Structures are given as structure tokens and as C-alpha cells.
Amino acid sequence: MLQYILKRFLISMVTLWIIVTITFILMVSIPGSPFNDERASNETVQANLEAHYNLDDPYHVQYLLYLKSVATLDFGPSIKQPNQTVNDLLGRGFPISFELGIVTIIVAVISGIVLGIISALRHNGIVDYLAMGLAVLGISIPNFILATLLIQELAVNAKIFPVATWSSPMHMVLPVLALATGPMAIIARLTRSTMIEVLTQDYIKMARAKGLSPWKITIKHALRNALMPIVTIMGTLLAGILTGTFVIEQIFAIPGMGKYFVESINQRDYPVIMGTTVFYSAFLIFMLFLVDIVYGILDPRIKLHKKGGE
Amino acid sequence: MKKFLLILLAIFTVGLLAACTTGEDAGEEEPAEETDQKDDTTEEEANEEAVTEGEKVLLLNNGIEPTSFDPSIGFDQVSWDPLNNLMEGLTRLDQDSKAGPGVAESWDISDDGLTYTFHLREDANWSNGDPVVAEDFVFAWKHMLNPETASPAAFLAYFIEGAESYNNEEGSSDDVAVTAVDEKTLEVVLTAPTGFFLDVLTNPAFFPVNHQVAQDNSEWHAEADSFVANGPFLLESWDHNVELVIAKNPEYWDAAAVKLDKVHFAMVNDTNTQYQMFESGELDTATIPPEMSDQLIDGENVFIGPYGGLEFYRFNLTEEPFQNKKIRQAFAYATNRDEIAQYVVKNGVEPAYGFISPGFTTPSGEDFRDVNGDLVPYDPELAKQLLAEGMEEEGYDELPEITLTYSTSDSNKAVAEAMQDMFIQNLDVEVTLENQEWGVFAEAQQNLELQFSRSSFINDYNDPVNFLESFITDSYMNRTGFSSAAYDELIANGRAETDPEARYNYLFEAEKLLAEEMIAMPIRYYNTVVLEAEGVSGILRHPVGYFDLKYADKQ
């Protein structure tokens with residue numbers, strides 16, 4: 001096991017290095033500069049700014065500076081918010097995005113699985129059609145439309161929840177609803193289809209024949225196998241949701257880190273681009289690693305390393 | 001099987017615990033943040049109670065986190081709107097948007113118009129109790145001009161003797177002609193007489209910095225705890241990316257005039273959301289989302305005022321067919337700007353038939369725009385004729401292909417499409433539209449790679465020369481390839497002439513020359529449109545400058 005983890009760690013480091021290098025190449029190859037805004041300026045001012053942020057150095061020097069910043073995990077100050085380091089921005093934003101993400105995931109997974117099981121058990125019945133109709137809506141309505149709708153109806157008109165910002169549990173309800181609907185729908189559909197498949201397997205018929213209760217069959221025998229595909233998508237889903245979503249954070253004015261992914265690129269805020277990319281990649285790699293571990297637990301046939309196969 | 005369930009349960013519990021502890025850890029990493037937030041909520045509750053007892057709290061939206069409260073660095077509206085209320089320069093824009101006394105009670109100008117001597121108020125103090133002294137200005141301005149600081153606003157100070165050479169590393173800070181004669185007297189020497197220098201000084205880049213505080217802690221401006229203010233308000237709390245609270249500054253020399261107790265700045269960057277917050281009473285002012293413009297613009301609670309700025313299109317004189325003046329004029333005269341303003345941009349904006357937006361007052365008290373009149377008319381007949389003449393001059397049987405480029409945005413696209421349509425209708429010319437992401441676009445325009453491209457200009461100080469000087473030869477802001485000795489001379493005189501009437505005459509001439517040469521075609525003037533909740537009054541929104549809450553009130 002330790003050997004496996006070590007191997008995975010080394011592979012991750014190489015992956016990260018490749019990502020940093022590609023990001024650097026992309027960064028320097030897109031035209032534009034962080035100092036091109038619509039305000040007046042002149043050559044001296046531009047030159048001073050470039051010197052201040054080391055942008056006048058040759059590319060290989062800049063590349064080494066970035067590698068150093070990744071190695072030391074210190075990305076330096078943001079260009080667009082010069083009084084704050086990239087670490088400050090991520091350190092403040094990530095916990096908020098994470099909090100929102102975890103609640104969203106819990107809501108989505110529980111409601112998605114429950115909805116999927118119900119549909120599978122009442123396969124082709126009215127409940128199935130209703131649940132899957134809901135799931136199709138959930139997948140096809142973009143979350144920013146749902147968000148605007150929720151704000152208008154539940155906040156502005158009904159005045160049950162606050163419109164936006166992030167300061168109390170009440171402020172969390174609408175963004176979680178808007179964010180959870182999509183993943184919930186995906187999970188529900190996935191659970192339903194695999195459950196239907198699993199429920200027709202011989203061993204389930206066997207269990208029925210033995211006279212086990214339907215509840216026991218569903219939870220103990222069917223669901224376990226039906227969970228595999230869900231675990232597979234979980235890694236990417238978690239990494240995506242936990243590191244924040246640009247649109248939902250923008251609409252609800254949530255001070256998470258989602259916006260840095262998009263805005264840093266628009267603004268050519270190079271240290272923030274590098275910081276967010278490395279952070280997200282490392283997080284994704286870690287999540288995929290966790291998923292692999294969970295596979296091994298869920299399905300004993302999957303072996304993490306050779307020795308365990310004996 | 002039981003074992004499996006047990007394991008699953010264990011994983012779930014560990015996962016949950018991990019989630020909770022990460023949350024707690026995150027809180028521990030930044031105890032200050034957490035407590036700040038708690039303070040805020042309790043304050044908010046306290047405020048709500050206090051409101052009934054008469055405490056006045058204005059709820060505004062700043063859009064995003066201010067770039068920086070270092071006056072030299074935060075060169076944008078999101079920084080300078082709040083900063084303009086936290087600090088005060090030598091002069092401050094008054095209720096008529098004219099430069100009036102600020103920290104300087106009075107000033108003397110030498111007969112040659114070069115030397116300004118400012119007399120600072122005896123009762124001007126910092127929020128920590130220190131007096132505001134002349135040295136604070138010397139320190140702040142030299143900090144701005146220091147090339148190491150890399151201030152994007154530094155060029156605004158080039159009017160001062162020695163400023164430019166210090167900023168471009170040719171001179172030293174000792175040569176910058178700003179001197180503290182004594183504690184309360186500041187002397188400034190300019191490179192040339194500058195009739196609008198007092199206006200320039202209202203710009204937040206020229207705010208003082210408490211040099212004693214800044215010498216101890218160069219990051220004094222980064223957090224509320226260390227921030228020292230000398231304006232009508234002080235910085236009470238700053239929860240980065242979340243909220244900013246400013247409160248009445250008891251040390252301010254004119255504190256008696258300040259009516260509000262506190263102002264909250266939220267950071268909501270979505271137009272619809274901030275409007276919905278306004279609707280539900282969570283904000284006291286809001287902008288109008290573009291799609292709701294028709295519905296809301298005529299309402300009684302709408303403030304509409306001029307904003308010193310112009311949307312325009314640049315012709316690239318180095319590319320065919322725009323080397324020809326008549327062809328440039330033809331395109332400009334063929335553009336129906338009334339229609340663009342009224343049906344495309346909406347929101348009560350004014351179509352532009354000149355370059356200088358309304359709101360600049362001439363020495364005789366008239367509006368610059370009224371005096372110089374419509375210089376770029378809409379005249380499709382004349383346009384057609386000019387196009388024919390121009391093509392003949394260049395020997396074109398067919399016009400070379402024209403691409404009109406704009407930076408990607410819905411409103412830019414709408415204007416570009418309207419223009420494309422007008423060129424087909426009025427000139428029978430089909431131009432190709434192209435949009436580019438902002439950074440790509442800006443660089444291509446700077447390098448003269450675009451043929452015909454969108455631009456905008458926002459004034460930094462309250463004088464027409466601010467826009468007009470963009471087009472002098474080799475200016476960084478020129479971006480057209482235009483070069484004219486006559487124009488350069490008009491602008492030089494328009495900056496340095498000491499007689500105000502004569503100076504304005506140079507500027508009138510310069511604008512006329514710009515319209516005649518037609519190196520850029522005006523589209524529309526900017527304006528300020530704000531929804532204000534009932535009971536909100538006294539917010540000063542200057543055509544040029546940043547809003548002022550000194551006299552604001554909320555019932």
C-alpha cells in the first residue's frame with residue numbers, strides 16, 4: 001500500500017510539472033498584458049510596471065521563477081490586487097468554496113441516489129417518469145438560470161431568503177439549491193440505470209428466491225454494485241464543485257475562489273493563473289487518488305497493488 | 001456484507017469529520033477574518049437596532065474588491081470611489097464639481113503660473129490624531145513617482161517639475177519640485193503653466209499619505225487596522241472580497257457637515273443580483289441592468305448625470321483605405337449616432353457629435369460642447385459624396401476590404417452591428433465584424449494592427465485637454481498613426497497658455513482639427529445612471545472624478 005501511494009505521489013509530481021510548463025507556455029503565448037486597461041497610460045508607466053512584476057525578464061528566467069514559486073508554494077503577490085498574495089486569495093476563497101461545495105455534494109449525492117433507487121424500483125411507473133422528468137430538467141436547465149429564478153421567486157418576491165452575499169446559513173440555501181440540481185440529476189440517472197441493470201442479475205433473483213426482504217436486497221446487494229459508476233464520476237465532480245464555480249459565486253456574490261479561475265485569465269494576472277492552476281490540478285489528482293482507494297474497498301476484485309492480489 | 005457496510009459507514013463518518021475539521025482549520029488559519037465576520041454580523045444587528053434610534057447607515061455596492069487603497073496604486077473606480085471618501089487632497093471637488101479648498105485652505109499662484117504655494121488647514125488631522133502636514137504630500141507624491149512603486153497613475157503628476165525624469169529613472173527624487181516650506185506650507189513648481197492644475201489635484205493619486213505611519217509600515221493601506229484616513233470617513237473594517245465599512249471620521253476638519261454615520265460597501269459583481277438586492281432593500285443604490293433599461297429609466301428614483309467620457313472608433317491611418325481623410329469622414333457622417341444612443345445603447349446616453357463630452361465649463365461659464373457645437377454631423381448624402389471623392393482621389397474602383405474590430409462584449413457587439421447596417425444603408429459598403437478578447441484586442445490596437453476599432457476614454461481630470469492630448473504625435477494613447485505639427489502645437493498651447501480664454505480657444509481649435517482630420521469617430525458620451533432608494537440624498541456624482549458622500553444623507 002505504502003509503495004503504491006509513493007508511486008502515485010511521484011507520478012503526480014511529474015504531472016504537476018507538465019501542467020505548470022504547459023500553463024506557462026500558454027500564458028506567455030496569449031497576447032495582452034495585465035496592464036492594458038481602458039485607462040490612460042504612457043510608456044514609462046508601462047515599463048515601470050513590467051519591471052516591478054519581472055515581466056521584462058527573458059522567458060527562461062520567468063519560467064524558473066514560476067517553478068520556484070510552485071516548489072515553495074509561494075506564488076507571490078497578485079498583479080491585480082497587489083496588496084494580497086495569491087496564497088492570501090486562495091486561503092480566503094477556498095474554505096468558502098469548499099464549504100459551499102461540501103454541502104452541495106452531500107445534498108446532491110443523497111437526493112440523487114434516493115431518487116435513482118426509487119425510479120429503478122418503480123421502473124417504468126409513474127414515479128419513475130416523474131423522477132426522471134425532474135432529472136432531465138435538472139440536467140438541462142443551466143444553474144445560472146435556476147439561480148436567477150430562485151432569487152427572483154424566493155428572495156425578491158417571497159422574501160424568504162436573502163438575495164445574495166455570504167454571512168449566514170440562510171444565505172447558503174439558494175446557492176446550494178442552484179448548484180446541487182445538476183449533479184443530483186446526473187447521479188439520479190446513473191443510479192437508476194445501473195440499479196436496473198443490477199436488479200436483473202442472477203444473484204438478485206437468487207436473493208429474492210431465498211426470500212430476503214426487498215429492502216435488504218436493494219440496499220445490501222444491489223446498491224453496492226450500482227455505486228461503482230457514481231464513485232467514478234465523484235472525483236472530478238468533487239474537484240470541480242469544491243474549488244468553486246465562477247457563475248454561481250458571481251450571481252450570489254460569494255467570496256469563494258471560483259472567480260479567480262476565469263478573471264485571472266481575462267486580466268492576465270499571471271501569478272494567480274499559476275496559483276489557481278496548480279491548486280486545482282493538485283486537488284483533482286488527490287481526488288482521483290481517493291477514488292481509486294474507494295474502488296478497492298467497494299470491489300475486492302480491483303487490486304491496488306500486486307501483492308494484494310494473492 | 002456487514003463488514004462492508006461498516007467500512008462504508010466508517011468512510012462516510014471520516015469524510016464528514018474531515019469536512020468539518022477542514023472547515024474549522026480554515027477558520028483557525030484566519031482568526032482575524034472569522035472574528036471580523038462575526039463582528040460585522042453583530043454590528044449589522046446593532047445597526048439595525050440603531051437605525052431606529054437614528055443612526056444613518058448607507059448601503060452601497062462597490063462591485064468588486066478595491067485594487068488597493070494606496071493612492072498611488074489603486075488606479076480605478078473601485079478603489080478610488082471609496083478612497084475619495086476616506087481621504088482628501090489639497091483641493092476637493094465642490095457641489096458644483098469645481099475644485100475648491102480641501103486640506104489646503106488657500107493658495108497663491110505666482111504671476112508666471114508656475115509656482116503654487118498651498119496653505120494647509122491648521123485643523124486638518126489624520127484619523128489617528130496626527131496633523132496633516134506638508135511633508136505628507138511630499139512623501140505621497142514622491143512615492144507615486146518612484147519608479148519602484150510602479151504607479152499606473154504616475155503620469156498624472158508629470159505637470160510637476162522633475163516628476164517625469166524621476167519616474168523614468170533619469171532624475172532623482174530630490175529634483176521633484178515639491179517642497180514642504182514649513183509644517184503647513186507646501187510649494188509646488190510646474191514645468192509649464194497649467195490652468196487646470198487645481199483640478200488635477202482633486203484626483204485621488206494626489207492624496208497625502210501619513211508619512212510617519214507609512215515609514216513604520218509600508219503596508220499601512222492594506223488592512224483596516226493600520227489605515228489612516230484624513231477624509232470625511234475612516235476605514236472601520238475591511239473584510240477582503242466581502243465587505244468594506246467606512247464610518248464618520250471625527251478628526252475630519254469639516255466633520256460637522258458629514259451626515260451619515262456609516263457606509264457599507266458590498267462587493268456584488270452581478271448587475272442583476274445587485275438590482276435584486278436593491279429591490280429587496282439590501283442596497284440603497286443600484287445600476288440598471290441593460291435589459292431593464294426601458295422599464296426603469298424614466299422612474300422618479302433614477303439619477304442621470306453626465307460622465308466625462310466618450311465611446312468612439314479609431315481609424316488606422318496607416319492602413320488602406322483610411323489613409324484618406326474623405327473616406328474617414330464618409331464613415332463618420334454615415335453613422336446615425338442618435339439611433340445608436342436611443343435604440344442600441346439606451347440608458348439615457350447622449351449621442352456624440354463632438355469629442356468632448358458635455359459638462360466642461362469654459363472660463364465664461366458656458367459648456368464647452370455648446371460653444372464648439374456639432375462637429376461631426378450625421379449626413380448620409382454628404383457621406384456618399386465624400387466616399388466617391390475619396391475613392392477617386394485614391395484611384396479605387398472598389399473599396400479595399402474593411403474589418404471593424406471590437407473587444408468582446410454584448411453592448412459592443414450591438415453597436416458594431418448597428419454600424420455595419422448603417423454603412424450598408426448609407427454607403428453601400430459591407431464591413432466585416434470581428435471581436436477579440438480584451439487583452440488580445442488592446443495589444444493589437446496599440447500595435448496599429450487593427451483597421452477600424454472601438455475605443456473608449458474616461459477623463460482623469462476635469463479639462464478638455466485630457467482627452468485631446470491623446471492624439472499628439474507618438475502619444476501612448478494615440479493608436480491611430482496620426483501625426484500633425486499643427487495639432488501638437490495647439491495642444492501645447494492648450495496646456496500652457498496662462499490666459500484662460502485664450503487657452504480654451506486653442507482647445508476649441510484642436511477639437512475642430514480633430515473633427516476635420518477625422519482620425520477617430522465619436523459614437524456617444526458616457527453618463528452615470530443610478531437608482532437611488534427613497535430618502536437617499538446628497539451623493540455628489542461628478543462628471544469627472546469619484547463620488548463624494550461627504551454631504552450624503554439617508555432618511
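Placement of Cβ uses the backbone N, Cα and C atoms for every residue, glycine included.
Values in this document were obtained by computation on a predicted structure and should not be read as measured data.
What TrEMBL records for A:9-30 (among others) is transmembrane segment.
Per TrEMBL, domain 'ABC transmembrane type-1' is recorded for A:94-295.
Long-range neighbours of the transmembrane segment (A:96-118) within the same chain, counting only residues 6 or more positions beyond its ends whose Cβ lies under 8 Å from a Cβ of the stretch, are 127-128, 131, 134-135, 166, 172, 175-176, 179-181, 183-192, 195, 218, 223, 226, 230, 237-238, 241-245, 249, 254-258. According to TrEMBL, the transmembrane segment annotation covers A:96-118 (among others).
Remote same-chain residues near the transmembrane segment (A:130-152) are listed as 115-116, 118-119, 163-164, 174-175, 177-179, 181-182, 184-186, 188-189, 192, 245, 247-248, 251-252 (criterion: CB distance under 8 Å, separation of at least six residues from the stretch ends). Taken from TrEMBL, the feature transmembrane segment covers A:130-152 (among others).
Same-chain residues lying 6 or more positions outside the transmembrane segment (A:172-191) and placing a CB less than 8 Å from one of its CB atoms are 100, 103-105, 107-109, 111-113, 115-117, 119-120, 131-132, 134-139, 141, 143-144, 146-147, 150-151, 154-155, 161, 166, 226, 229-230, 233, 237, 241, 245, 248-249, 251-252, 254. The transmembrane segment annotation in TrEMBL covers A:172-191 (among others).
Sequence-distant contacts of the transmembrane segment (A:226-252) (same chain, at least 6 residues past either end, Cβ-Cβ under 8 Å): 93-94, 96-98, 100-102, 104-105, 109, 113, 116, 120, 143-144, 147-148, 151, 164-166, 171, 174-175, 178-179, 183, 186-187, 190-191, 194-195, 197-198, 258-259, 261-262, 279-280, 283-284, 287-288, 290-291, 294-295, 298-299. The transmembrane segment annotation in TrEMBL covers A:226-252 (among others).
The transmembrane segment feature in TrEMBL is assigned to A:272-298 (among others).
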